[in-house]
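Note sheet for the following structure.
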Amino acid sequence: MISAWSADDVRAAEEPLLAAGAPLMARASFALATQVLADLRARRRHVRGARAALLVGAGNNGGDTLHAGAVLARRGVAVTAVLTAERVHGEGLAALRGAGGRVVELAAAPDRAPAVAAEVSAADVVLDGLLGIGARGALRGPAADLVTELTAVVGMESAEHDRSGSADSIPTAAGGVTAGAGRPWVVAVDLPSGIGVDDGTLPGPVLAADRTVTFGVAKPGLLLPPAARVVGEVTVVDIGLEPVGPPAVRRLEAADVAVSWPVPGPSDHKYTRGLVGLVAGTATYPGAAVLAASAAVRTGTGMVRYRGSEPVARTVLAARPEVVTATGRVQAWVVGPGVPTTRDRDDPADDGQHDRGRGALAVARGDLPGMPYGPVPAVVDAGGLPLLGETSPPWFVLTPHAGELAGLLRSRGEDVHRDDVEAAPLRWARRAHELTGATVLLKGGVTVVAGTEGAWAQADAPGWLATAGAGDVLAGILGTMLAARATDVVERPALAAEVAAAAALVHGSAAERANPGGPVAALDVAEAVPGTVSTLLGLR
Ligand SMILES: NC(=O)C1=CN([C@@H]2O[C@H](COP(=O)(O)OP(=O)(O)OC[C@H]3O[C@@H](n4cnc5c(N)ncnc54)[C@H](O)[C@@H]3O)[C@@H](O)[C@H]2O)[C@@H](O)CC1
Ligand SMILES: Nc1ncnc2c1ncn2[C@@H]1O[C@H](COP(=O)(O)OP(=O)(O)O)[C@@H](O)[C@H]1O
Ligand SMILES: [K+]
């Protein structure tokens, strides 16, 4: 698990250490320099003679960068520091000068930004030390001008990445470690300057990094979209910080999902494994029912009970003969894939699914007196979302994409559109959780989950997963995972979010497994789930 703490929590953790005289900046800058030297060695045979450009802001982030620059200069790297503020970290500057580093004072001559950007773009490595956890809003002043020029000169914002990673690093949304030929390797110091440290927004120009060396613990903005796309490979270096309190954002790794996966034992039978009830698909969208049912079956449910019109049920059974249409006990409901999102009760296109969906959600809430089968968890997707009541329990997991989330929020009085959600996914997923009470899984390149305790951000999926029907597959996977732990999920409000994050990991990993590095169809993703799960379980 990767855990990220807010800037305030990091500062609170630093305080006692600094008061006790712990040399945090020395630790941070030495670890940074060591990583940069390793990257230089990996990219060019000799460190000596390499050129490094330091982008230096007013605060301690610039201080870290200057001290690291001094270490590089002593190893024979030609180091130039570009100072974007009139006053920068004094000791750091003295150390760099003492080691033979060169200094360009951009703050004193801001109109030189284009020329300085051209020089910086010719370096082998750029260290972005403009802003760290003290960032407030978009980059301003000479720092903003410089980054804007740099991204224009070498197109750094569209850095090419592959998906490779290494053991001590966080694989990220953009993945990998390859800078494009002819442009410098960009290392962000603590975080790419100008990202929203706590919310992952991109309020202004940001230099996309190939690697982020972050100190102590990860920061939320490194895990959250859209900023997660510009952090490159994240390396967390230990400087002795121990934040107290829960992390703000977490990311599950494969091993975490492996340990909590319920493996059936000799005394299990299909009813103890968890049954998934599925209200999905209509005559217009029968495929959604097939995809969700296939995914639920392939994730290892005890049984899928399908609820829908007769012709769609026949289609589902033709694809998955394991599915049952008889009514009976269900441990988790999946409501809404392939169901129209209209709220019109008389819409003939709904094939009766709105009524079935309302009934299923009432059972899942535990609303029906005398019904022995609730409360149980529910996945509420697509056409299920408009069926929700005023408030929902946290064991309801809503699975909208950005457009659906905007619609849900508008229906509750927020003036918000898809673009707003994409610009600040965590903010709006949280808002939807506050307004509905439900756990909210917001789908996207990085999937964000907001529940009763903190948030999760999963970056497991290749871009190829953005294909029709992939969301239906996620709904089926999540339905099976919730059904397997139904009682715990209803009893522990925070668990639904963790299971939802785990489902996003399984979904993204199955997409990668279905066809590594190439296109996938939604059904391929469902078909790849059993192999994905057995690989995960091999990590136990
Ligand atoms: N506290 C410590 O001893 C440690 C801090 N460390 C480093 O220190 C960093 C935090 O240092 P600071 O608190 O000095 O903060 P920053 O280095 O992030 O800089 C804050 C400064 O930048 C200016 N600023 C803020 N927002 C701006 C914007 N949008 N555009 C332009 N200028 C802006 C502010 O006026 C302020 O002077 C961490 O990210 C980390 O790199 C590490 O050395 C570890 C130890
Ligand atoms: N850029 C992307 N990279 C990786 N995965 C993505 C990307 N965009 C979307 N996805 C994933 O693809 C799935 C699409 O779901 P959805 O939009 O509901 O499609 P559908 O309704 O056709 O099934 C979601 O799981 C989402 O997280
Ligand atoms: K930085």
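Cβ coordinates come from backbone N, Cα and C, glycine included.
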> Which single residue out of Ser3, Ser6, Ser29, Ser193 does TrEMBL record at the K(+) site shared with Asn61, Asp128?
Replying inline: Ser193
>> Using only what TrEMBL says about AMP binding by Lys443, Gly444, Gly445, Val446, Thr447, identify which of Gly413, Gly471, Gly476, Gly479 is listed for that site too.
In response: Gly471
> Does anything in the same chain, at least 6 positions from Ile133 ((6S)-NADPHX binding site), have a Cβ under 8 Å from its Cβ, and if so what?
Replying inline: Ala7, Val10, Arg11, Asn61, Asp190, Leu191, Val197, Lys219
> So what pLDDT does the domain 'YjeF N-terminal' (5-247) average out to?
Replying inline: 90
>> Given a 10 Å Cβ-Cβ cut-off, pick out the one of the binding-site residues Arg136, His401, Lys443 that has the most other Cβ atoms nearby.
In response: Lys443
> Under 8 Å Cβ-Cβ from Thr447 (AMP binding site), six or more apart in the same chain: what's there?
Replying inline: Leu441, Ala457, Gln458, Ala459, Ala461, Ala501, Ala504, Gly508
> Taking the mean position of the Cβ atoms of Asn61, Asp128, Ser193 as the K(+) site, which residues outside that list, in the same chain, have a Cβ no more than 8 Å away, listed in sequence order?
Replying inline: Leu55, Gly57, Gly62, Thr65, Gly129, Leu130, Leu131, Gly132, Ala188, Val189, Asp190, Leu191, Pro192, Gly194
> Where the criterion is a Cβ under 6 Å from an atom of ligand 2, which of the binding-site residues Asn61, Asp128, Arg136, Asp190, Ser193, Lys443 meet it?
Replying inline: Lys443
